[in-house]
Ligand SMILES: *Cc1c(COP(=O)(O)O)cnc(C)c1O
C-alpha cells in the first residue's frame, strides 16, 4: 500500500488493480484521463465514459443511485452466444441447430424481454418460463415460430391450457414434465381442447456440480423425474399411442457452474438418456441442457464459485462434441440443442452506480507523552506497550494491548474509570494497532493471529444504496460482484475501505471483494475530497438481483436508465424510470399514503392547538412532510452544494 505512493500512478495500474480486463468481457476500459468507459463494440474504439452518463442523468434531474442498463451489452451477449455455438456447430459439422432460450426468471423486466425478442429474432432465440405469470409475460413478446418456448415449473390447469393454446397457435412450445402427476392432467386437457401436446421430460442427472447451487442437481434434486418415473411416463404414453408427443429432454444442473468438467459429464449423461428415449420410440429432436453457463465475476478464470474455468468457446465446443459423439454412437439424427443461459446473457447489461456519502476512519489521534499518577494502571501499561513496540515483539504487544484494553472496559463498566480515561486508553490502543499494522509488512513470517489487524484500520465508505435492494445476493449468499470507482483512475487509491450501505442493518455492508488470487477483504479507493462527489459502480448485476431485492428499511427501487450507444460514439437515453417514492414503498407495506398524510395533519393540528407550533409552522411542516412522501427513498445529494458546509457529500468526519 504505502510503497504504491512512491511511484507515479498510472491508469494501467488501475486496470490491473480492479481487474477490468479480467471480468469486463471486453465491454469496459479505462480512458487515459482515468475514467471508466463502456466499449460496446469490442475492437471498434467507441468508448463512452460512465461519468459523462452520470452528468447527463443529473442534468435530467435523476439522482443516484441509478441502475444503468446498457442495451448494447445485452445485444452483444446474445449475439456472442449464438455466434459461438454456430462456429462450434460448423467446425464439428454438426447437423442440428442451436436454439437458445432466455429463462425469464433471471431478469423479468419488461424491457429485457422486449429487447431479447427484438435482438433474438434473427437467431430464433426463445424463452424459458417457470410459472404461469412468466408464460403470460413471454407470450406477449413471442413472435417467431422457430423460437422455442420451454414451459418448466409446476403446472395447474390454467398454465397447461395456455401452453396448449401456444402450440395451437403454431409456437414451438414444450410442456416439460417436472412431476409424473402432471402427465394425466396434460393428456386430459389436450384431449378436451383437441390439441396435440409437445411434451418434454425433465430428468435428474446424477452429476453433482460444484458452485453455490450444487444441490439443485443430483439424485436428491427437487426438480425432474427419476429414472423409474421416466419409465412410468413412457409406459403411460405408449399405452395411449402418444410417444410421438415426447420431443424434448431437459435437465438443469444449477446456475453458475464453475467447472467445465461437471458440464461435460452432465451433458454426456443427458445425451445417453436422450438416446434411450429415442430408442423407446419417442419422437425427440430437441435436447435442452438448461442454464449454468457461468460468469467470471472475479476474473480469475478458475473453478472458484465466482468464476469459471472455461471460455464460451470451450463451453460450446464441449457441448456440441459431447452430444454428437453420443448420438452418433446410436445412429440418431443430431438434435437441436437448446440452452437456457440467463446469467451469462444479462449479467453485463446492468451496472449499479452510486455515490459515497461519507467516510469514517480510525482517527490518528496523538498519544499522550505522560499520564496522570491517578490514571488506572491499565492505561499506564498500555502506554508502555505503545512505547516498547518493535518488530521483535509485535505478537506480544498485540496480546498485551488487547488485555489492557479489556481491563479498561471492565473498569468502565464497574464505574472505576471516567469517560476521559476510557477515551485515552482507546486512543493508545488504536495507536498500538496502527503501529502493528504498519510494521507487519516488514516481517518475514507474520503470525497468523495478526493477519487481520490491517482490517481494523480500513476506512468505512458510506454508500448511497441498499445492499438488500440492489445486491441481494451479496448479502444472502456472499456473492462477489466487481466494484470499483468510475473516475479518478489516474490517481493512486490511497485508502483501504469496506463499504456500508444506508440501511441501518449491520449486514448492510460489502467487505469481500473480487481478487484473482481469492477474495480481498478491503477495496482500494481514493480519498474523498470535500464537496466533490465520488462515484462507484457495482458491475455484472443484470442477473437475478432486481427481483430478489427487498424493501429493507423501506429503501425502494432505484432509478433506472437505459442507454443505447451508437456506432459513432454518441448515445441516447432510451428510457428513464423513476425509482420508488416514499409513498410508493409505504403503499407496498399496506399503508395508504392519503391516510398517512391525514394522520400526520391531525398531529400537526394538535401541535397548533396546544401552542407548540404556529399555523405558519404547521404549513411549513406539512409541506416538508408531503415533499418527503413524494421524494426518492435514497439520499438526494448535491442539491445543497451552494452551501459547502451542508453538502451531503459532506465527508467531514475524519477528513
Ligand atoms: C434458473 C434456471 C436457469 C438459468 O440458469 P443460468 O445459470 O442463469 O443460466 C435455466 N433453467 C432453469 C430450469 C432454471 O431454473
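The backbone N, Cα and C atoms fix where each Cβ goes, and this holds for glycine too.
What you are looking at is a predicted structure, and each value in this text was computed from that prediction instead of being measured.
As recorded in TrEMBL:
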- 93-347: domain 'Orn/DAP/Arg decarboxylase 2 N-terminal' (DOMAIN)
- 105: N6-(pyridoxal phosphate)lysine (MOD_RES)
- 372-452: domain 'Arginine decarboxylase helical bundle' (DOMAIN)
- 504: active site, proton donor (ACT_SITE)
- 582-635: domain 'Arginine decarboxylase C-terminal helical' (DOMAIN)
Report the same-chain neighbours of residue 504 (active site, proton donor): residues 6+ apart in sequence with Cβ closer than 8 Å to its Cβ, ordered by sequence. 553
Do you know the DSSP helix, strand and coil residue counts for the domain 'Arginine decarboxylase helical bundle' (372-452)? 62 helix, 0 strand, 19 coil
Using DSSP three-state counts, the residues of the domain 'Arginine decarboxylase C-terminal helical' (582-635) come to 40 helix, 1 strand, 13 coil
Take the Cβ of residue 105 (N6-(pyridoxal phosphate)lysine) and count every other Cβ within 10 Å, whichever protein chain it belongs to. 20
